[in-house]
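This report concerns only the one structure given below.
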Amino acid sequence: DQCYVVVAYGNSSYAMRQCQKFHYAQKFRSLIMEFDLVCLCDIFVAWSQYWHLFGMFIGGVVATRLLRVLSPRRVYATGIWALLGCGLITGLVNDFSLHCAFRCLSAVSCSFMITAGQAIFTDITAGKHRQGALLMYDTFWALALIFLPGIASFAHSWRHIYLGITLPSIAIVVLLPWTPDSPRWLLKHTKNSRDTVDLILQAARINDRLFKVPKDLPLQLELLREKLLDQPPPARWLELWRGKKRVKLYMIVTHMALATFLISHMGLLLNIRSFGRDYLAPNTMGIGFAELLGCFLALHLTFHHNTRKWQWAGGFCILGGLVGCLCWFFSDVEMPEVYEIILWMFFAALPKAAVSCAQSMILACMGELVPPEQNAPFAFSVVTWARVWLLSASFLTMLKQLHIALSLTAFCVLVILGGLCTCCLVTPKKEEPKIVRQTSQVYHHNIYNTHL
């Protein structure tokens, strides 16, 4: 144990004494070295990750409330400026408590941007474009994982990594003048539709679509504004549970599925540290590619196997989780170290791809399971519930102290449970007559359209 040393007393007596000071020989100065967390590195690393996840949870709740009084673009801009400030401070502080506090605030800022950004692009897109954008959201997270080892290869300290992750956000600040606001939010919360007219005309001009703008656009937007103001308030949380037994079943299994997927999604990533620090960079890239594969699979299933997409995604999760649990049969097998790492990564990457597939599908398509007036409270309830349980992900990785296969198996069991819940979902068939549906689609497209 690196935390204790054997001290000799006399000729035959020995005693164990805990080390009071450490000398580090590595070229890279990690967070553990900076704050002398050698003997408690696992618990303190998990504690640091916990505050990041807690910030994501708090940020989502606060951002949702802020959107009632502030436009999505303002919330988005607040998030990016706060992220730059808090991210830079996180990489410069010399106290572990301050490090955790500003890491939490950085996560809150990220959650502001995620919540507001999603509100914007779900308003300015429609149909397959909207669904595709939601499904492919996680691909950017996967790409970040793939490029992260490249940033880390030039860093000699954990501070450099934090700065390398934060500073590219300046590109988003540069793009802020071209970031649109939510047209429907402006119509609903402003006294006239002039700002919305200017926004849509500017978007049409940038995208070379002015010829598609109707001549009576201000009148159509006024009609839409009246319609939005006359809408009944969103359903309350308790109202989501009323109705047929199928509705209650969908509520339960969706909450359970996303909670298990978020835990395993983050946990499988954090758990690759248990496969050895020497292979951390290639393992991180491998997990990123697995997640990328899962997102593209979700896109394929949604667009080409829409009627049975939930069962396909759930079945893939069950298969991936079962394969991951097979790691126990190889945990004590003697083999070269490289082959051992490849085998462990296979057992981690397959359930990771399955989780990315099902998680992306639930986040993008769970609105299909409830009536339109229940979409917003249903999504808020499911995501908030899942983020509460996500707080346990960093601590589940500590099971590796008992056995390297135990933590991986715990996440694989969650993947299987989430897959079983996903298989219970079925998108309700719309009973609306074809002629009425087509007329309604044309009507909404021509009169109530804010898509840019």
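Even glycines carry a Cβ here, placed using N, Cα and C.
Counting only same-chain residues 6+ beyond the ends of the transmembrane segment (75-94), those with a CB under 8 A from a CB of the stretch are 34, 63, 66-67, 102-103, 105-106, 108-113, 115-117, 120, 158-163, 165-166, 169-170, 172-173, 176, 179. Sequence annotations record features per position, and here TrEMBL assigns transmembrane segment to 75-94 (among others).
Positions annotated as transmembrane segment by TrEMBL: 100-121 (among others).
Taken from TrEMBL, the feature transmembrane segment applies to 133-155 (among others).
Panel annotation: around the transmembrane segment (161-179), residues 73, 76-77, 80-81, 83-84, 87-88, 90-91, 106, 120, 148, 151-152, 154-155, 206 of the same chain, lying at least six beyond its termini, place a Cβ under 8 Å from a Cβ of the stretch. As annotated by TrEMBL, transmembrane segment applies to 161-179 (among others).
TrEMBL lists 249-272 (among others) with the feature transmembrane segment. Remote same-chain partners of the transmembrane segment (249-272), defined as residues 6 or more beyond its termini with a Cβ less than 8 Å from a stretch Cβ, comprise 49, 53, 145, 240-241, 280, 283-284, 287, 317, 345, 348, 351-352, 355-356, 358-359, 362-363, 366, 369-370, 378, 381-383, 385-390, 392-394, 396-397, 400, 407-408, 410-412, 414-415, 417-418, 421-422, 424-425.
Nonlocal intrachain contacts for the transmembrane segment (284-303), taken as residues 6+ away from its ends with a CB within less than 8 angstroms of a stretch CB, comprise 128, 131-132, 135-136, 138-139, 141-146, 148-149, 268-269, 272, 309, 312-313, 316, 345, 348-350, 352-358, 360-361, 364-365. Annotated transmembrane segment per TrEMBL: 284-303 (among others), in sequence order.
Positions annotated as transmembrane segment by TrEMBL: 310-331 (among others).
According to TrEMBL, the transmembrane segment annotation covers 343-366 (among others). Tertiary neighbourhood of the transmembrane segment (343-366): same-chain residues 131, 134-138, 142, 254, 257-258, 261-262, 264-265, 268-269, 271-272, 275, 283, 286-287, 289-295, 297-299, 301-302, 309-310, 313-314, 316-317, 319-321, 323-324, 326-327, 330, 335, 378-379, 382-383, 404, 408, 411-412, 415, 418-419, 422, 427, selected by CB-CB distance under 8 Å and a gap of 6+ residues from either end.
Look at TrEMBL and you will find 404-427 (among others) tagged as transmembrane segment.
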### Summary
Residues outside the transmembrane segment (404-427) whose C-beta sits under 8 Å from one of its C-beta atoms, at least 6 past its ends, are 249-250, 253-254, 256-261, 263-264, 267-268, 271, 274-275, 306-307, 310-311, 313-318, 320-322, 324-325, 327-328, 331, 344, 347-348, 351, 354-355, 358, 361-362, 365, 368-369, 396-398
### Task
Go through the chain and flag residues at least 6 beyond the ends of the transmembrane segment (310-331) whose CB is under 8 A from any CB in it; none is fine as an answer.
261, 297-298, 301, 343-344, 347-348, 350-355, 357-358, 361, 403-405, 408-409, 411-416, 418-427
### Query
Going along the chain, which residues at least six beyond the ends of the transmembrane segment (100-121) come within the CB cut-off of under 8 Å?
47-48, 51-60, 62-64, 66-67, 72-73, 75-76, 78-80, 82-83, 86-87, 89-90, 93, 130, 133-134, 137, 166, 179-182, 185
